[in-house]
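These come from Swiss-Prot:
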- 1-24: region 'Interaction with human CREBBP' (REGION)
- 1-48: region 'Transactivation' (REGION)
- Trp11: site 'Essential for Tat translocation through the endosomal membrane' (SITE)
- Cys25, Cys27, Cys30: Zn(2+) 2 binding site (BINDING)
- Lys28: N6-acetyllysine (MOD_RES)
- 38-48: region 'Core' (REGION)
- 48-101: region 'Disordered' (REGION)
- Lys50: N6-acetyllysine (MOD_RES)
- Lys51: N6-acetyllysine (MOD_RES)
- Arg52: asymmetric dimethylarginine (MOD_RES)
- Arg53: asymmetric dimethylarginine (MOD_RES)
Amino acid sequence: MEPVDPNREPWNHPGSQPKTACTNCYCKKCCYHCQVCFLQKGLGISYGRKKRRQRRSAPPGSKTHQDLIPKQPLSQTQRKPTGPEESKKEVESKAEPDRFD
């Protein structure tokens with residue numbers, strides 16, 4: 001290993017920058033090319049600005065999924081009003097007395 005020159009900046013030390021440029025390839029060799037390639041390609045971490053993906057618009061002749069649903073009124077669910085007396089009676093009738101006493 002070469003000795004580090006104290007007069008040089010850290011980014012100019014030998015071995016701090018790879019001899020070849022970074023590529024867009026995602027093979028194993030290119031993923032371990034340098035620290036930046038490892039973070040971006042190997043781990044999938046990038047700190048740059050994210051590009052906004054545009055949604056693909058539907059072709060003009062196609063119908064949206066909302067047009068296919070027929071308009072129907074929502075039905076109200078009917079519930080039987082049960083009071084506390086009814087539920088207690090049902091529980092008492094279903095329960096058996098303890099035979100182990």
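Residue positions begin at 1 at the first shown residue.
Note: Cβ is positioned from N, Cα and C throughout, glycine not excepted.
Structure coloured by features recorded in Swiss-Prot.
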{"residue": "Cys25", "record": "Zn(2+) 2 binding site", "Cβ within 10 Å": "12"}
{"residue": "Cys27", "record": "Zn(2+) 2 binding site", "Cβ within 10 Å": "10"}
{"residue": "Lys28", "record": "N6-acetyllysine", "Cβ within 10 Å": "9"}
{"residue": "Cys30", "record": "Zn(2+) 2 binding site", "Cβ within 10 Å": "17"}
{"residue": "Lys50", "record": "N6-acetyllysine", "Cβ within 10 Å": "7"}
{"residue": "Lys51", "record": "N6-acetyllysine", "Cβ within 10 Å": "6"}
{"residue": "Arg52", "record": "asymmetric dimethylarginine", "Cβ within 10 Å": "5"}
{"residue": "Arg53", "record": "asymmetric dimethylarginine", "Cβ within 10 Å": "6"}
For Zn(2+) 2, residues beyond Cys25, Cys27, Cys30 with C-beta within 8 angstroms of the site's Cβ centre include exactly Thr23, Tyr26, Lys28, Lys29, Cys31, His33, Lys41
Per DSSP, the region 'Core' (38-48) contains 5 helix, 0 strand, 6 coil
